[in-house]
Structure formats: C-alpha cells, structure tokens
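> The active site, nucleophile annotation in TrEMBL covers SER247. The annotation active site, charge relay system is assigned in TrEMBL to ASP270, HIS327. As annotated by TrEMBL, compositional bias 'Basic and acidic residues' applies to 150-160. Per TrEMBL, region 'Disordered' is recorded for 147-170.
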Amino acid sequence: MGNSCSNNLGIPPAKGPNAVGCSDFMMDHTVEGTFFRLYYPCVASDNAEKPDWIPCKGYFYGLADFMKINRGLSEKIFNYLFGSFKIPAALNGSYKQNGKYPVVIFSHGLGAFRTLYSAICTELASQGFIVASVEHRDESASATYFYHQKPQEPEKDEASSPKPNPEPPENLVEEWMYYRSLKPGESEFPLRNKQVKQRADECIKALDTLIQINSGKKMENVLQTEFDWTTLENSMDLCRIAVMGHSFGGATVIEALCKDVNFKCGIALDAWMFPLDDEIYARVKQPIFFINSEKFQWAGNISRMRKLDSSSTSMQRKMITIKGTVHQSFPDFTFLTGNWIGKILKLKGELDPQVGIDLCNRASLAFLQRHLGLDKDFNQWDHLIEGKDHNLIPGTNCQYLLH
C-alpha cells in the first residue's frame, strides 16, 4: 500500500511449530452479521502471499477519526509509517489437517479492528489453535464495514441468492461504520455497557459460526475469499474453547464468560473493567487470567478485577503485571514504530516489545494448557502464571492493593 520507513521494524514471525494461515469470514452481509479474521495452522509454502496489516484506506480514515486528526493528512502519515507492513501469515493458505485444534475467540480494544493483534493471534495459531479475531460492529472499532443491498432488481437478487457467486455479489453495496465518540454531556457508562453486551454477543456469534463450519454445514462467505472453508470440517476441539481480549476486549472476555459456558476460560489483557455491570462478577464461574501492563492500571480498575476473586477459588483467578510495558504493548503498533515515535505516542514502554509479547504469549499458553486440559509442553511456562520472572510482578504494581 505505501512506502514505509520500516528500518527493521515489523510484526514478529510466530515461534510455534506450525505455519500460519489467515482468512476473513463474513456471514450475513448486514450489520447484524458476523465478521472475523481466522488464524489457523496451515500447510507451509515458501511463496505464500501475506496480507496487508491495514487492509484498506477505510481503516486509515477510521484511525484518523479515532485520534481526532485530519483524514487527508493522516492517510499520508499512516500510509508512510504503516502502509507496507504485512501480517506474518499466509493469506488463504491451505488448512493443515492434524487432529482437532482448540479454539480461541479474540476481542479487540476500543478504536482497534480485527487485524491489529496479529502478533498474538499468529503465535496462538502457530502453537496449534484456531483463532477468530472478531471485528466488532458496536461502533467501538475505529472502522468496520458491512453491506446493504442495492434497491433495485429484487426478482433477480432473490433468484440468484442461493448460488454463491465467484466474486463478491454485485447486488451489494459496501457501507462503512466508524468509531462513535461520546456526545457532549452524554454519560459514558450506558453506552459502554450496551457495547460490551453487544461485543460479547458478537464473540458468541463468531463461535456459533465456527461450530457450524466444524459440523460440515456449507456456510456462504460474503467476502468470497479463496480459502476453502469446507476443509475446516471436524477440525475444532469444541470442548476446549477460550475467549481472549485487550482493554475493552478484556471486559468483553468477562461478559462473554458470563453469557456462554462454552468458553472454558478467559484471558484479559490490560482489561478496562468500567463497562461491566456490578452484578456480573458473582456470575462468572470460569478461570480468568489478567495480564496487565505496568503503566495503564489504576486502583479502581484493579479493585473490579479483585471482585472476581471472591466469586471463585483463588487458583482460578490469576493476575500478573509485565514491567516496562504500556497499554499499547499488546497490539501490533508497538512493533511498527521506532523508539522515539513509539514512546511519544505511548505505543512502546521501556521493555523490548518482543520480550513483552513473548511473556504475554507464553503465560497465556501455559494458562490455556492448564484450564483447557491440553496435551502440550506449555506447562514449561507455568512459572509465568505466578509472575515468576524478573520482568513480571505477581499481581499488581498498584502498591496499596497488593494485599
């Protein structure tokens, strides 16, 4: 897309034994449909096409609106900084048949979208997970899109709708949805509470879609990608499903756990707990792992996380803090900016981003093995769950909440 001043910057390749593929799936072209990027173990290929990190111009516009800067200027800046970066995965790569893989549903943060956490999602896929990174339609994404039908030719549309077209249907018109800011004088909690409920429903809807794909049901992908979705039949271990998310996505994890017992555990990355109802804490029964940055958390937010401790055994609720990290140490931006720009924009902390993401990923894998009952070697990182590493703090760095 653009000429990036990359200077050895880039999203790090995954470290697991499997090559990683990815493909986008949209079921139901309307705003009520489901939209996600799927990451999965794939057949290795030396000449595989890699997808752009920012899929198209509409997402640059969305980021500009979210950051409250001019679209025209920001498109040039973003395109220069980020336009040439690729996600380290094979676009529409062939699925690698190797038994049944556990499933993770991933929820992005405020102002993000489905592609911005690829360092986490590709690592999980490389380690033998099928990961669906949902793009939310609650107006919390900086940008997303769906389709509506052209108003004419109803008979022709109805006649042709049962047959999937080789290309995106000509009778559909793309419609963009951008981030909704608070209106002057608007109370924030009602909006965020409504959004977190919708987000959890969208995670559940994405899982339901995967369950149908796994059953062998023919599912029409509005986007008409080249990936053969029928190869995913009987590919998923539906007894081993987790939900994971960052920031607003962390709150979405808690809401989704409460709403759907198919999620056996949750991992909340630097969770923003504000959107949740108080009554939800006692209703969540599954294990939860809070992985926090050093610079984002505050007493009130941590105390909400602590409320979940009293509703279950302490063994099931874990919290660690990664030293030298900031809130944006979890999305991919942290890998794509130089030190001075990264620190000015608070996209980087003092800790090497690769070290930070490795700690996050390995601790997550250990937790997933423990609570999904996986037969892997991720328990070699069990000590990270307890915060036992010189770059980790057990619990929180909010000192007066340590006890």
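For all residues, glycine too, the Cβ spot is worked out from N, Cα and C.
How buried are these features, and what lies next to them?
Around the Cβ of SER247 (active site, nucleophile), a 10 Å sphere holds 25 further Cβ atoms from the protein chains shown.
All protein chains included, ASP270 (active site, charge relay system) registers 28 other Cβ atoms within 10 Å of its own Cβ.
Every protein chain considered, the tally of other Cβ atoms within 10 Å of the Cβ of HIS327 (active site, charge relay system) stands at 21.
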> Calculate the distance in Å between the alpha carbons (Cα) of ASP270 (active site, charge relay system) and HIS327 (active site, charge relay system), and round it to a whole number.
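Cα of ASP270 (active site, charge relay system) to Cα of HIS327 (active site, charge relay system) measures 7 Å after rounding.
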> Take the C-alpha atoms of HIS327 (active site, charge relay system) and SER247 (active site, nucleophile) and report the distance between them in angstrom, rounded.
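Cα-Cα distance, HIS327 (active site, charge relay system) to SER247 (active site, nucleophile): 8 Å.
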